[in-house]
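Participant: Below are the features listed in Swiss-Prot for this protein:
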| type | residues | note |
| --- | --- | --- |
| BINDING | Asp139, Asp168, Leu169 | S-adenosyl-L-methionine binding site |
Amino acid sequence: MTDLDSSLPPSVRTAGDSWTITELVGATALGVAAARAAETAGPDPLIRDEFAGLLVSSAGPAWARLADPEQSWLDDDPHGKRAHRVGIDYQAVRTHYFDEYFDGALRAGIRQVVILAAGLDSRAYRLNWPAGTTVYEIDQPKVLEYKTETLQRHGATPAAVRRPVPVDLRDDWPAALTAAGFQAARPTAWLAEGLLPYLPSDAQDRLFEMVTALSAAGSQVAVEVFGMNSRSNAQRWLRMRERLGLDVNVAALTYHEPDRSDAAAWLTGHGWRVHSVDNRDEMARLGRPVPEDLSDEAVRSTLLRAHLGGSTG
């Protein structure tokens, strides 16, 4: 169960809704990619995602400005610039955590990867995948189409066998995944990054049930668990809308339901061995601590990884 912020706006989501890359949930993928692009272009980056800038700038000039590592669109708002920088730091740390997760999974011999709600995730292109690795990317058809076409247009090629699976995670995605060549008998490395609040609580449970059912012994899963901070979301939304004309109200795009399962508890109760870390601790460990005066505005999340049928290492 999750404590809810009563000041959050009502969700605008509807059953069966869909989107392009600049609409609804698709636009949040652009926002995350903009943070990765800004981090990559900045000094001493934690991550390197040379594809993020291409994916963001191709969506329009306002998105390209959002990816500016100097955040020049906030030059006259020092507080907003610092708060936005903390958001970039969080995305960089989150990306770094899950990059390390995949590195560990590959060292364990896993060669089958599934990225749930892949959005503009470019790991199939930018990570060093061993020969024989297949990366399945599940997301809305138009989102996957945008990524594929944009990167092809710029001459980018995947570093692994990449298999897009255009299906909504609220639908029968296991059938679509299997049709794309997924083999449940092989250990799999799953990723659910920036996903859970965009699913209804019952769909989240079904997602974990299906992931578990499709996972052979030795499989791993990594998950980001985060809630919505009404104050920080409102301020971020207003800054982007007023200065860039980008209307991306994340709180209105997520489901705020009191019966949502605790991801770590659910996985533990279904045979997974879970290791988790608070994002603030991970940010401090990597040299990107949240300034004390911005603590109330910064994201709070838990980053976790889990193994099925073995220790977490």
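Backbone N, Cα and C define each Cβ position, glycine as well.
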Participant: If I restrict to non-local contacts, at least six residues apart, and a C-beta distance under 8 angstroms, what lies near Leu169 (S-adenosyl-L-methionine binding site) in its own chain?
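Facilitator: Expected: Leu116, Ala117, Ile138, Leu195, Leu199, Ala203, Leu207.
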Participant: Looking at S-adenosyl-L-methionine and its recorded binding residues Asp139, Asp168, Leu169, figure out the farthest C-alpha pair and report it in angstrom, whole number.
Facilitator: 7
Participant: Taking only same-chain residues 6+ apart in sequence, whose CB is under 8 Å from that of Asp139 (S-adenosyl-L-methionine binding site), what do you get?
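Facilitator: In sequence order, the residues whose Cβ lies under 8 Å from that of Asp139 (S-adenosyl-L-methionine binding site) (at least 6 apart) are Ala117, Ala118, Gly119, Pro164, Val165, Pro166.
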Participant: Translate the DSSP assignment of Asp168 (S-adenosyl-L-methionine binding site) into the three-state scheme.
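Facilitator: In three-state terms, Asp168 (S-adenosyl-L-methionine binding site) counts as coil.
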Participant: How many neighbouring Cβ atoms, not counting its own, are there within 10 Å of the Cβ of Asp168 (S-adenosyl-L-methionine binding site)?
Facilitator: 17
Participant: Can you name every residue in this chain, apart from Asp139, Asp168, Leu169, with its Cβ inside 8 Å of the center of the Cβ atoms of the recorded S-adenosyl-L-methionine site?
Facilitator: Leu116, Ala117, Ile138, Gln140, Val167, Arg170, Asp171, Trp173
